[in-house]
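Visitor: Take this structure, written in structure tokens, and hold onto it; I'll ask about it next.
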């Protein structure tokens, strides 16, 4: 037995398990990762890298550089993180209706196709080509950016088939065959030559013709511009096929269905893309990054201005909510001083900010001295006086403020030319003048001419104390001037 002391070894207890060795980080070329995320074609992205428009981990990216999972990439003011792609490619078939645009965010607030798609976790849908707002039919979307760029690129010559309804040009009952042959040979558009690779007449009516056309390019509004170059008008346009994928007949508008994985693999094989996972890396947007600051909306004089919609400033006419407070409206003259001469005359007025500007720009006009009574203008009085009553129009009984025939001038003949009861009425017999001061006609055929013209307050019913002649009574014959007025005794 040895006398040498033995050293005791203490084993440390730990709850940590032996971690597996870290897998090497995936590495891919930058432009390939950007294309996989659906940010553009590889050639266009290489040019943007060369122009210094892309940053990796805060530094300007260089042409041909590679990125690894976890690297931070900045592009167009947005931040992304490179991450491994864990699922295979997916393709969605969507039957696009009219009124939807093929953009993620529309500055004019119109509905987009992405609002109707199923949600994704860890990836996003990328549109394969675009359809304008009035075009319906097949729209393909995928999570594979490389597949999307290959199907859209003209070098792959992927066919797009459309059904189109066309109205013949002016002077033609239908689209002539010579025009169809010209479109199949090729015509010159603003951005170069274009043609229909296939064109077939499939029907028509007295006013329209139906065609099936095929193109191998995806230029902006190419089908419509080809027909418009020949003076034809496209009234309906629907895409029915894209490559080997056709629009299912049972798929309703606004609905989508996912393509089977076997067909997705067949698409990649046809385009000679790599089998299996499309790429090792993709981009994920950084969570919580701030949007651009909201801009203030200023309404100009004509009511048009830029507006803030969905975090962006639109250059379109987006002042609908503000312009409604500056609409022109018509005010008609009402009763009182508005409808009469010299009063307020209805016209077009404005309200809101436009009215405030008009009041500030209107010069101050000082009121001059009084000009006295104005003479009536010549011509028809009805043109400038709404209360004018023409001759021959009955407006009320005689003696009333609105007197009838004879109250304003020479009276009309009485029935049977008989005198009234109780003898001749004042001013109604012979050529004598009555109490009314008018000129009577013979045979009692009218009342006397009033002392005052029509409308004068003197013609209104009044009491003796209010009338110029104290002997006048509207209830009986005239009282002699020397007879004093006797007050009726009070009733008990």
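Heads up, the Cβ atoms here are built off N, Cα and C, so glycines get one too.
Pasting the feature list from Swiss-Prot:
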REGION    1-24  region 'Disordered'
COMPBIAS  15-24  compositional bias 'Basic and acidic residues'
DOMAIN    28-97  domain 'S4 RNA-binding'
ACT_SITE  132  active site, nucleophile
REGION    294-492  region 'Disordered'
COMPBIAS  317-334  compositional bias 'Basic and acidic residues'
COMPBIAS  420-447  compositional bias 'Gly residues'
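Tell me about the surroundings of these features in the structure.
Guide: Taken residue by residue with DSSP, residue 132 (active site, nucleophile) is part of neither helix nor strand, so it is coil.
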Visitor: Let me know how many other Cβ atoms fall within 10 Å of the Cβ of residue 132 (active site, nucleophile).
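Guide: The Cβ of residue 132 (active site, nucleophile) has 12 Cβ neighbours within 10 Å.
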Visitor: Restricting to the domain 'S4 RNA-binding' (28-97), report the mean pLDDT as a whole number.
Guide: 87
Visitor: Using DSSP, break the domain 'S4 RNA-binding' (28-97) down into helix, strand and coil residues and give each count.
Guide: 16 helix, 27 strand, 27 coil
